[in-house]
């Protein structure tokens, strides 16, 4: 119904009481409703504001006129009102008298005006010699002045008492020397005459106390303001300390000034209290008195430069360094432990010396070096092992011991230090696990406090050290069945996995730890050595000992062995053990004065020999492209038949091969570089072969998963670098392919030893290029050591190489086990240190005194990189993007620096910034090696761009990345 008719029905339309006509009452009623609504809304808005101030504002569902957009505008307008209120309050506060105890601080636009007025007032007072007129002051101002005077009197009285107490304490102490004190670099709050004005390292360290960079900036700003005030009062001509009279005269002068000046300068009680305190002094070390960098070694140079850049590193440097505390064994009290657990059976005791030699000859020609070596066994029952251990051996179907087990287990159980060398796949792991378990089980039973895994039992009794992570995991898996039967525990610790999980496992308690050297050092250095201790270790095993030293682990291994008690039992196992490595490995053997027999060396077969169960093939190719079609042909035959064998020119020997098909056959392909592994993986996947790859550039979780999938049969082809050449045992692995030939004989033996294990047949195929004569000579040595003749093409390449060596055109570079990891280790360190020394010599003396957060390596050390030479590409270039190009040599820099400059992340960022094309080319050459005329050049980065400016910019950014990696590359990585 229309609104007018509604009013007519109620009788409001016919009366003209106010002269408004027909709609007069309606208008009046509407005005009343609007007035009521305004009042209601005002009250509601007031309630809403109250709720909002309390933090509990919530939209009223009954308020239909609520709108989020209008509410947002209302709040926004409120912020503008608050801004206007602040400006209004600021102008009001400018004319308000200062509060008691605080001098007036003019702010903003009126600072100039107030300062001018103050200067005029003070000058007038000085000229006339009279006080300013204060008769016009209001009563409130007079009250404020009276309060100020009373407060100053209290301050003067308080200071007088403090000075009296100080004089009493000074009289009780010895009288100081009458000689004037020299200014100190450090300072206290009671005396400031010795303060330095110049910026030095002392002031840099002082920032740690007085803030500026900390979160509590107000707390740091307060002492700074206090220093400024006290410095103005003290002056340079006054002495540091004041007596009682000085304090009273100072208070008197302050009170007189307060009565004479219109703006009295008074002392706040908090400031006065702070002035009585003495902050800890710091000693400033000048740059001139510090030790020059050239007198320090590389590691001290890096630490010194980093500390000068950031003073906070002084506090945390010790906690970040992975150092193991040196143990003084002469001051330690160790408990005696039992070593002898082997009792010769009557059956072996009745054997004569001739029968013993005949038995050793039948067991793959065992050779013994050492005194009083036990006789080899022929059955497990002759060892006297515990019942649970025998049960596990029966469950695993280990019918009888292998050659190395028959001789090594009795020797180790006799308590002797043993060096064992045996071919791959001969059961070396079980040869040291069984004696270790027998040794530790006895100690757990004897030591009552180790029966429960708590307290001191978190420290292991036995340690197994391996060179690679994959071997560490495999030994731990072989150990687990025996742990459950004997009620023992073990922890597997290796790099690439979270260390917190391994620390948690150690805290629960462990008897055996299987580890890599780097992670063991991490655990020993964690929490200042409170996480793990090797003081209770009495049985030490180093598996693949030769590779441990060859990979450069000698310093780490020596550190670990130094932390273990010297009368321990040490056992070394490996498949290859050159005499030079043997001399170095003997350094870790224990030197017991009570043991005059010395260690026992057991050699099964030759020192570096390929097992007779492996059929070897070596094929020579003219170029790299012809290798992949041959690989596809071999894989096709292998997976179709279950084995691979053919009468070809590259076959080694004429013996029988693996003619029996293998169920679920698997193939392992070895490459030399990580890039080769990734590229070959893509090509095989495109050809229809599902495969995986592992190398040192992958995460440890990915490597573990790849090996697990390969063992379970999810994939049949695995591509790997030499990280899988040691200890990897896979059932059904019947074919090993060396896509890239190994560079030394021992690596070849370990690679092909992944097949033909535990008496099974296997095949090994090696690809050689026609110009790889040096590698052919190494493979020829390995084949001859196994009692076979190398193929004719390989023998021809070997003869050519020997002729070049005799004529002097080639040098016989010995790789790997003849000194790769040890003889060149010091040369590589010296070369790295030389680069770092040159890098840090570029800094000027004045630059060390400046405060900078930029690393030194990225600011002034780019002088070691030559200036870019921009070359213009000929006009007939294939692409216009390569009109200009230059090169950046990275071969001679440390590995960390090379990685920083050539990683995908760094290259992508430089490409995005400059638009240049960046490619890594060449081949890495170790220090001291020079590429020949036909060899690839040293490793470098090719930079190509459309303009000279872009190429220079890309070269500059890559140079900074390269040099910034020197500091990290100089750090000791474990």
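Note: Cβ is positioned from N, Cα and C throughout, glycine not excepted.
Record note: among 349-377, 378-406, 407-435, 378-406 is the stretch given as motif 'Q motif' by Swiss-Prot. Among the ranges 815-867, 868-920, 921-973, the one that Swiss-Prot lists as region 'Disordered' is 815-867.
Segment annotation: Swiss-Prot labels motif 'DEAD box' over residues 543-546 (candidates 535-538, 539-542, 543-546). Neighbour density at the Cβ, taken as the number of other Cβ atoms within 10 Å, is lowest among the binding-site residues 424, 426, 429 for 429. For the ATP site, the Cβ centre of 422, 423, 424, 425, 426, 427, 428, 429 serves as reference, and the other residues of the chain with Cβ at most 8 Å from it are 402, 404, 575, 757. Summarising the environment of residue 422 (ATP binding site), the number of other Cβ atoms within 10 Å of its Cβ, over all protein chains shown, is 28. Sparsest Cβ environment among the binding-site residues 425, 427 (other Cβ atoms counted within 10 Å): 427. The least crowded of the binding-site residues 423, 428, judged by other CB atoms within 10 A of its own CB, is 428.
Confidence over the domain 'Helicase C-terminal' (654-800), given as mean pLDDT on the 0 to 100 scale, stands at 85. Under DSSP, residue 428 (ATP binding site) is assigned to a helix (H, G or I) in the three-state scheme.
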